[in-house]
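A.B. asks: Starting off with a structure, shown below.
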Ligand code: HEM
């Protein structure tokens, strides 16, 4: 099935990616995690996205599931993009941003939380394709701390 022409600026994301990264925050111990990301399309002008992560031990073996998220990536005119993500932790985010070549910068426009979710107020993500690998850095403002690093990772494409 042909990719919808509107998706051309972010078509480089399509596929099944696997890799590893690092998490940290002032309130927690840093740790290594493994990640799987899947970007799919169905011919319509959005990408479906899902991500799963696992805590990794020193040997790189999976210990237990960590964060997961899923949503949709929509391209607007002038290479503006809108991303909607839902998290099992009771948080929903709407990001807005821009695609410049193989770099995508996203900032939360809206965050909604269930009454029981952790205090989370903003996120910022930078995705880039570097030597064919998908790399990203994620910053968050949460539990009384201003926007700062929480996760970053590098993933290889393992299937189209
Ligand atoms: C690669 C993705 C991510 C991984 C592997 C990850 C992992 C973790 C871990 C292990 C913790 C500390 C223990 C825990 O509370 O479970 C944590 C805390 C937290 N994470 Fe993430 N996280 C990721 C992405 C996110 C995202 C996208 C958000 C927001 C939508 C988020 C929000 C938080 C919050 C609010 C805390 C609580 C901090 C605290 O209470 O001290 N995380 N994360």
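Glycine residues also receive a Cβ, built from the backbone N, Cα and C atoms like all the rest.
Worth saying up front: this structure is predicted, and the values here are computed from it rather than measured.
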A.B. asks: Can you dig out which of the ranges 1-7, 8-14, 15-21 TrEMBL describes as motif 'GXWXGXG'?
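C.D. replies: Within the set 1-7, 8-14, 15-21, TrEMBL attaches motif 'GXWXGXG' to 15-21.
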A.B. asks: For the heme b binding residues given in the record (27, 118, 150), what is the largest pairwise C-alpha separation in angstrom?
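C.D. replies: About 15 Å separates the two most distant Cα atoms.
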A.B. asks: Using a 10 Å radius around its CB, how many other CB atoms surround residue 150 (heme b binding site)?
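C.D. replies: For residue 150 (heme b binding site), the count of other Cβ atoms within 10 Å is 20.
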A.B. asks: In sequence order, which residues at least six apart in the same chain have a CB under 8 Å from the CB of residue 118 (heme b binding site)?
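C.D. replies: In sequence order, 89, 90, 91, 142, 143 meet the Cβ cut-off.
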A.B. asks: Within 8 Å of the Cβ centre of 27, 118, 150, which other residues of the chain have their Cβ, at the recorded heme b site?
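C.D. replies: Everything else in range on the chain: 25, 28, 120, 140, 142, 143, 145.
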